[in-house]
Amino acid sequence: MPLVPHSSYPGPPRYQWNGHFQTILPALTRKIKAVHYERERLELSDGDFVDLDWLDAESQTLVILSHGLEGSTDRVYMKAAAKYFHEHGWDVLGWNCRSCSGEMNRLLRLYNHGEIGDFGQVIDHALQRKNYTKIHLIGYSMGGSILLKYLGVHGKNIPEPIKTGIAFSSPCDLPDSIQTLELPGNWFYRRKFFNSLRKKIIAKAAQFPGQIDLSKFEQIKSWRDFDEFYSAPINGYKNAEDFYWQASAKNFVAGIQIPALLCNAQNDPILTPACSPKELAKNHPYFHVETPHKGGHVGFAIKRHPGPYYWLEHRAMEFIKGQN
């Protein structure tokens, strides 16, 4: 019954007094020294590409990091995790979703919470590059949803070296998360995501003349409208409802066959309790759910912490070691 009853998260610094501060301040003020990745371009089976960023420690253990919506390997939480696990002697691979590495991808489609094919190709490529004996998957927000769906869909058929999966701040019930994003108090996140994605849609319209109707932006009154008009058709879904079902990891976690942890803060401003499916975890032999009272969205700063690393990194390592 892997429902984590008491989280080990000690709480944030006192000045981060609510979920918004616990989300925004770490993203803006956390400092991680430069990470010197080795970049590799992976050619995908459909003719597109994703860019991979490696840290090599000459290890037989690999950590694969997946970023959140409109993120990249340059996000502070990605750099922190990369440095942390590399310092512990493990190889690290951070991958950038299509269009997220600083260069637009070739095809019309972009990336989304429900797309696991690219992730699978990244894993397969890593194993072709080196015969790793252990692989640990860690994802943040959207990246966590992708890895949980991947593990659930493939079940016992995942590559044998994959030992654990860890997801932080992941919207496992995407339609519920979308409704929360629409709340007045979440205008900052909504505007940030919308402006970034809007630029990409406009760039895609220029890249593929006649295939995207930009006039529909005038009809958008909600995030669901954006997904109905753009996210769903561009990425091959029938409509927003089809997209939301395919992109909600909670619909797939029952199939997980290795130890997996979902850690969502109760005060995460853009997630709801439905994103932390505790009832599924209660009756699942592998799927753990942990819900600290505080932490925000991909925050989890530690009060009086002595170094550059937050609870995210320490908790991931704790979970990995606990499964050995």
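Indices start at 1 and increase along the chain as displayed.
Note: Cβ is positioned from N, Cα and C throughout, glycine not excepted.
Listed features, source TrEMBL:
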DOMAIN    62-285  domain 'AB hydrolase-1'
ACT_SITE  SER141  active site, charge relay system
ACT_SITE  ASP268  active site, charge relay system
ACT_SITE  HIS297  active site, charge relay system
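For SER141 (active site, charge relay system), applying a Cβ distance below 8 Å and a minimum sequence separation of six or more within one chain yields HIS67, GLY68, LEU69, GLY71, PHE168, SER169, SER170, PRO171, HIS297, VAL298. Residues within less than 8 Å, Cβ to Cβ, of ASP268 (active site, charge relay system) and separated from it by at least 6 positions along the same chain comprise GLY19, THR23, SER169, CYS275, GLY295, GLY296, HIS297. Other Cβ atoms within 10 Å of the Cβ of HIS297 (active site, charge relay system), summed over all protein chains shown, number 27. Mean pLDDT of the predicted structure over the domain 'AB hydrolase-1' (62-285): 97.
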